[in-house]
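Notes follow once the structure below has been shown.
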Ligand code: IPE
Ligand code: IPE
Ligand code: MG
């Protein structure tokens with residue numbers, strides 16, 4: 001553990017709940033239930049190892065394409081977690097925040113989100129960001145439109161960065177995706193320009209603290225050049 005570089009901001013695309021359930025001849029919703037338990041463990045572990053921001057991709061703007069029953073189940077699960085398990089987690093210094101177009105969500109989901117955000121707003125240990133009805137393209141369009149509303153006729157990089165849903169949150173250092181899919185699926189498109197990407201075949205309900213640590217170990221080995229020259233070359237100059 002000693003030489004691990006802990007990323008300041010980790011984003012996770014928690015994928016594979018449906019396939020996990022199918023493998024055990026269960027309905028997809030069982031996978032979501034197990035997935036929520038795993039998320040809770042990973043949040044707890046993130047606070048233990050000193051991650052400062054954790055963004056969990058929980059519902060994408062494209063997930064509305066799923067059967068109505070599944071979508072409704074997910075919303076019920078979010079409310080249940082926000083009202084119970086996450087309440088416990090925020091008592092340990094976690095600040096709950098949300099990223100996405102919340103106004104399109106059912107009223108009771110919006111209410112639970114606002115409540116927990118308000119209760120935890122002064123916490124400083126970990127910013128836990130739930131990406132809910134989130135789409136990276138929509139976020140960029142929204143930012144550009146905000147800049148135009150503020151009188152801009154030509155958009156700069158800062159105009160986008162400063163008008164994102166959560167402009168104070170630094171770009172993710174590491175993005176993890178489970179389930180073997182090698183894509184971003186509209187997650188943090190603007191912010192991921194220089195993120196380190198880590199893909200694992202593990203399905204989200206099977207993901208453990210140890211798998212998380214493996215991802216961080218791999219991140220520790222990466223040389224982040226940001227378009228410059230490597231740190232080794234710098235040392236030899
Ligand atoms: C991720 O698991 C959870 C959400 C998108 C809400 P999936 O439900 O996408 O699981 P698979 O990809 O179908 O296995
Ligand atoms: C991405 O997973 C969205 C979330 C994890 C919330 P999807 O399962 O929706 O992504 P695709 O459809 O496989 O790209
Ligand atoms: Mg999926």
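Every residue gets a Cβ built from N, Cα and C, even glycine.
Long-range neighbours of residue 15 (active site) (same chain, six or more residues apart, CB within less than 8 Å of its CB): 177, 178, 179, 181, 185, 203, 204. According to TrEMBL, the feature active site maps to 15.
Taking a C-beta cut-off of under 8 Å and a sequence gap of six or more, residue 63 (active site, proton acceptor) has these contacts in its own chain: 71, 74. As annotated by TrEMBL, active site, proton acceptor applies to 63.
DSSP classifies residue 15 (active site) as coil under the three-state reduction. Per TrEMBL, the feature Mg(2+) binding site maps to 15, 196.
The annotation substrate binding site is assigned in TrEMBL to 16-20, 28, 32, 60-62, 64, 66, 177, 183-185. DSSP assigns residue 20 (substrate binding site) to a helix. Residue 20 (substrate binding site) counts 25 other C-beta atoms within 10 Å of its own C-beta, drawing on all protein chains shown.
Residues 15, taken from the recorded positions 15, 20, 32, 61, 64, 177, are distinguished by a CB atom under 6 angstroms from ligand 3.
In this structure the alpha carbons, written CA, of residue 64 (substrate binding site) and residue 196 (Mg(2+) binding site) are 28 Å apart. Filtering 15, 18, 32, 64, 196 by Cβ distance to ligand 2 (under 6 A) retains the following recorded positions: 15.
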